[in-house]
Amino acid sequence: MTHSPSFLQHALSSSDTRAEWPLPGGLAARWLAPGCVELNGDARGADSVLLSCGVHGNETAPIEVVDGMLTDIAAGQLALNCRLLVMFANLDAIRQGVRYGNYDMNRLFNGAHARHPELPESVRAAELETLAAEFFAGARARKLHYDLHTAIRGSVFEKFAIYPFLHDGRTHKREQLAWLQRCGIEAVLLHTQPANTFSYFTSQYCEADAFTLELGKARPFGQNDLSRFSGIDGALRGLLSNPQANVPDLDEDKLPLFRAKYDLVKHSEAFKLNLADSVENFTLLPDGMLIAEDGAVRYQATGGEERILFPNPAVKPGLRAGIVVEPARLPSR
């Protein structure tokens, strides 16, 4: 192939899942599965970077940003000096322009797909786990995973990150938080328990520095103002072309950190969330407010510094209908 290929178009339309495309500078793009393409730059001792997008099919801006980077790599306009794996994750949902078809894929990682083997999303989540594990098994330096999203609602902090729960004495890395700050990330949630998300899987089982990045509001293809994504676009391009570049130190006073305090679990269809449908992520919860109720179960705000994250009373019983978070600090060095 001599012209610059469209990676996204190939991912969405082609049944050729084992194609290999020669690229400028001796690079090659190798399709490992539908929507999953690996590009090896100067791989000697290089970082291994996984960029995933489209886990929710209607979150299109990250898809456009990543496809733009791939297009520039293919045209020889962006140098690649790391191992790169890109996943356009939920192809069916991307084609349909919906968040998901049958089940939220970002609740099916960490082996949760085994509980719903009949679902197409489960089959895909298992495939993505396998490919990610194989990719990171070949890593010789840093293992980095950024799972790119946009949110279904507005947010007090437009761009924020979720740092998955860390086991076995692992600590939050200031240099990664500093890099996120450089991207334009305005707040970070330090998760306090395991989750069935893609970034938790790669963090725990691949020992990657992994993050879920929420980068703005979900909009259809063609309706995104990509200038609002210039921070993450520029930072990722810098990472791919010059992964060893110095990053300014973390300014903790300018990057609010939060920890998950507890989940709002929807136990039954009687669950009632006492927040407006339009409530934004990270909205402050007044002290004493009855946040939600579900029969005899009551969730009440305390202290006046708690905030709501990902409120969604429409989830199925047994699932999380929101997270209550509170301010956090990193341990002293």
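Note: Cβ is positioned from N, Cα and C throughout, glycine not excepted.
What Swiss-Prot says about this one:
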BINDING   His56, Glu59, His149  Zn(2+) binding site
ACT_SITE  Glu214  active site
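The residue listed as 'active site' is 5 Å away from His149 (Zn(2+) binding site) when you measure Cα to Cα. Geometry remark: Glu59 (Zn(2+) binding site) versus the residue listed as 'active site', CA distance 10 Å. Taking CA atoms as the reference points, Glu214 (active site) and His56 (Zn(2+) binding site) are 12 Å apart. There are 23 other Cβ atoms within 10 Å of the Cβ belonging to His56 (Zn(2+) binding site).
Listed in chain order, the extra residues whose Cβ falls within 8 Å of the Cβ center of the Zn(2+) site residues His56, Glu59, His149 are Cys53, Gly54, Val55, Gly57, Asn58, Pro62, Arg99, Leu148, Thr150, Ala151, Ala218. Cβ-based neighbour count (10 Å, all protein chains) for His149 (Zn(2+) binding site) stands at 23. Glu59 (Zn(2+) binding site): 26 other CB atoms within 10 A of its CB, across all protein chains.
In the three-state DSSP scheme, His56 (Zn(2+) binding site) falls into the coil class.
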